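Enquirer: Sharing the features that TrEMBL gives for it:
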SIGNAL    1-21  signal peptide
DISULFID  Cys27-Cys42  disulfide bond
DOMAIN    54-201  domain 'Cupin type-1'
BINDING   His102, His104, Glu109, His149  Mn(2+) binding site
BINDING   His104, Glu109  oxalate binding site
Amino acid sequence: MYLIPHILLLVFVAFVATIQSLVQDFCVADLSLPDGPAGYPCKKSVTENDFVYHGLAAPGNTTNIINAAVTPAFSPQFPGVNGLGLSIARLDLAAGGVIPLHTHPAGSEILVVIQGTICAGFISSFENVIYFKTLNKGDVMVFPQGLLHFQLNSGNGPALGFVSFSSSNPGLQITDFALFKNDFPTELVAKTTFLDVAQIKKLKGVLGGKN
Ligand SMILES: *[C@@H]1O[C@H](CO)[C@@H](O)[C@H](O)[C@H]1NC(C)=O
């Protein structure tokens, strides 16, 4: 009479044990193996140091053409975020600095301003509506996944922000770099963007593009 319930209990216990053995708390990236759509494969042995990253403590070097620096803590830099669907980066904008129009193909972004004044915005893919706003210390703005967006220092002093992403490796494609910092033939850039050849050559010269 009690035999069947006992068997069911055993089956249930075995089932729970199987499920628990499948639960994985984390998957620290093994950067020696290639990245895939689901992230990097998991590192075999981990320590507390795998879950801590010091790379955002120091300002990025803003002595460059954009007077700005993006310091990412994505899975290639911070293997502990691999597989968790989130990451973070530091934005340093010197006076006049700009993070030019860009997209993160794999993640939405949320910005919090820590210091200074940042004008930030994005363009919708539906009807290309521009949404932009001037943000001050403590303000937060969200940038939906894949949309073109920018941040620029609209104050007088330096500006600092942190951006978090809904992906451990959101990617970054800067539009001007995609057009003018490679060997995309000038003639094709002109045909596909309607820009003047002179302007394209000028930007290729500035950014290091060829052809
Ligand atoms: C910042 O970058 C510039 C240009 O590459 C370089 O000359 C300078 O030494 C760098 N500064 C620091 C502190 O690394």
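Backbone N, Cα and C atoms are what each Cβ position is placed from, and that goes for glycine too.
Situate these features within the shown structure.
Expert: Here Cys27 (disulfide bond) comes close to Gly39, Tyr40, Pro41, Cys42, Lys43, Asn82, Gly83: these same-chain residues lie at least six apart in sequence, with C-beta atoms under 8 angstroms from its C-beta.
Each residue of the domain 'Cupin type-1' (54-201) gets a DSSP state, and the totals for helix, strand and coil are 22 helix, 56 strand, 70 coil.
Of all the Cβ atoms in the protein chains shown, 23 others lie within 10 Å of the Cβ of His149 (Mn(2+) binding site).
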Enquirer: Per residue, counting other C-beta atoms within 10 angstroms of the C-beta, which of the binding-site residues His102, His104 reaches the highest number?
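Expert: The most densely surrounded of these binding-site residues is His104.
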Enquirer: Just to verify: the residue among Cys42, Glu109 with the fewest other Cβ atoms within 10 Å, which of the recorded positions is it?
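Expert: The recorded positions Cys42, Glu109 were compared, and Cys42 has the fewest Cβ atoms within 10 Å.
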Enquirer: Write out, in the order they occur in the sequence, the residues of the chain not among His102, His104, Glu109, His149 that have a C-beta within 8 Å of the mean position of the C-beta atoms of the recorded Mn(2+) site.
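Expert: Same chain, not in His102, His104, Glu109, His149, Cβ within 8 Å: Thr103, Phe122, Phe143, Leu147, Leu148, Val163, Pro170, Leu172.
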